[in-house]
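Student: Sharing a structure below in structure tokens format, with a few things to ask.
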Amino acid sequence: MSIDKDTAARVAKLARIRVEEDALPDLANEFNNILTFIEQLSEVDVDGVEPMTSVTPMALPRRADVVTEGGDAGPVLSNAPDAREGFFAVPKVVE
Amino acid sequence: MTDLNKLTLAEARDQLRAKEFTSVELTQACLDAVEASSALNAFVHNTPEIAIAQAEAADARLASGDAPAMCGLPLGIKDLFCTKGVPSQAASRILQGFLPEYESTVTQNLFDAGAVMLGKLNMDEFAMGSSNETSVYGNAVNPWRRGNDDTPLTPGGSSGGSASAVAADLCLAATGTDTGGSIRQPAAFTGITGIKPTYGRCSRWGVVAFASSLDQAGPMTKSVRDSAIMLETMCGHDPKDSTSANLPVPNFEAMLTGDIRGKVIGIPKEYRLDGMPEEIGALWDDGIAMLKAAGAEIREISLPHTKYALPTYYVIAPAEASSNLARYDGVRYGHRATLAQGDGITEMYEKTRAEGFGHEVQRRVMVGTYVLSAGFYDAYYNRARKVRTLIKQDFEAVFEAGVDAILTPATPSAAFGLGEMSEADPIQMYLNDVFTVTVNLAGLPGISVPAGQNKQGLPLGLQLIGRPWEEGDLLNTAYALEQAAGFDAKPGKWW
């Protein structure tokens with residue numbers, strides 16, 4: 001599997017990371033090196049092997065579906081780059 | 001009253017209780033050492049006011065006879081831990097200015113036990129790295145040097161600041177985290193002890209997430225006894241982490257007898273790599289001889305899927321990272337890029353993440369995005385999760401056959417020079433974790449113990465891997481190894 005410039009651009013887009021056009025060939029190259037390394041896994045016989053979901057066998061704990069904490073808009077917003085009137089503010093999303 | 005900062009946790013604890021000095025005096029000695037250590041770039045956010053206030057409170061508790069386990073003991077905290085009101089930015093530009101409104105469970109446990117925080121410690125950005133060279137704060141520097149050569153060396157990574165600070169006696173001990181070897185590799189590079197406990201022993205709540213199925217916190221200390229003391233305080237069930245184990249935490253320190261007669265120590269043949277430096281092989285042989293002399297039975301074992309551990313890790317860790325780091329979007333906390341006229345929300349995300357994440361973090365997020373993307377999910381991610389099952393089964397088989405612990409080198413080399421790997425392929429850097437990463441994939445406890453020095457005088461470490469939840473037994477085997485190795489070298493002070 002070889003990654004070209006267009007695939008690199010698509011991955012960058014999916015990851016929401018801006019990559020300048022002239023940096024794409026190097027990026028594709030780096031991906032290819034790492035993927036070649038990862039390709040070794042295709043040698044392993046994994047027939048009938050369960051993919052790991054939890055490294056320690058334990059049931060996911062549950063709790064009652066009730067509000068435990070809340071009403072803390074001040075602390076929640078305190079680190080926001082732009083917060084107004086009790087909300088996170090972002091650039092216009094809907095035209 | 002000099003050099004209090006050079007004490008171990010156990011020594012300082014006992015001497016504080018004997019009223020030989022106060023926590024304020026001890027803390028001030030550490031703060032002075034931190035102040036004079038800028039060349040190491042280990043501490044990146046100093047919190048002297050918090051430290052002195054905590055030390056005064058600890059002295060009051062000591063005076064009243066109500067001193068908990070770590071009362072008055074000054075620590076450094078890795079920047080990955082959220083500490084309330086104190087910068088916690090995972091050594092990333094994207095979390096610049098972030099002041100958590102909450103305290104991580106692990107640091108809260110330490111503070112509840114009376115510990116003192118001196119400040120936050122340097123690390124690789126988002127714990128992604130093996131040399132502390134991906135940090136927004138710049139490189140942390142190893143206090144050790146190659147003889148009289150003044151080439152600056154890496155303290156390892158990602159917990160490089162923690163390792164440097166403990167080795168240089170800036171603090172009595174430090175917190176670390178370990179996703180693929182980030183406690184054990186820097187501990188080995190700096191001649192200190194570091195343990196990654198069983199997955200689920202330490203709560204991950206409030207620790208900035210890298211790869212959630214692999215991340216574990218642990219102590220980095222000057223001795224095995226100190227690791228036992230500090231690990232016990234850090235551990236414990238936490239309802240706020242759904243993978244936190246609801247199991248009792250034993251008194252680890254009480255389990256340090258040094259008696260390992262009859263214990264079976266496995267030596268995995270797959271860890272004897274082609275091209276491994278002779279000094280690493282020799283150190284390993286020394287370790288085998290020491291444990292044998294202490295009465296352990298040495299048994300050659302096979303962990304057949306070892307060679308697939310690193311490629312498995314470099315699918316699973318980036319996949320989880322790409323998901324975890326999706327939260328850095330410039331909306332809720334941290335950096336937001338300055339936008340151009342007409343930029344919408346997509347441009348905001350893309351510019352913010354391009355400016356906020358360093359190169360290695362971007363690379364891993366994108367690799368993770370790729371292996372999880374439609375059409376590749378089965379071929380890469382699901383296959384890696386299956387190989388991970390096989391790697392874990394390798395360990396289960398040897399433990400079932402009666403092996404109590406496994407001895408390996410901690411790292412494939414001694415500390416290397418800062419910048420020496422910069423031209424290398426990233427995979428060369430990833431190979432640093434070749435002996436440690438299997439342990440994370442299998443969720444096991446692993447400890448790095450300093451066991452010797454190379455010809456240039458640099459420390460080298462051995463790793464012991466234990467059965468799940470049996471950190472006490474593992475620490476005891478490490479204690480026997482520590483006593484046999486008798487490593488007591490310290491770096492000459494040049495900083």
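Here the Cβ of each residue, glycine as well, is placed from N, Cα and C on the backbone.
TrEMBL lists these features:
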type: DOMAIN; residues: B:25-475; note: domain 'Amidase'
type: ACT_SITE; residues: B:K78; note: active site, charge relay system
type: ACT_SITE; residues: B:S158; note: active site, charge relay system
type: ACT_SITE; residues: B:S182; note: active site, acyl-ester intermediate
Student: Are there residues of the same chain, six or more positions away from B:S182 (active site, acyl-ester intermediate), whose CB falls under 8 angstroms from its CB, and which are they?
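Tutor: Within the chain, B:S182 (active site, acyl-ester intermediate) has Cβ neighbours under 8 Å at B:D124, B:A127, B:S130, B:G157, B:S158, B:S159, B:G176.
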Student: Fewest other Cβ atoms within 10 Å: which of the active-site residues B:K78, B:S158 wins that one? Let me know.
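Tutor: Each of the active-site residues B:K78, B:S158 was scored; lowest Cβ tally within 10 Å is B:K78.
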Student: So what pLDDT does the domain 'Amidase' (B:25-475) average out to?
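Tutor: On average, pLDDT over the domain 'Amidase' (B:25-475) sits at 97.
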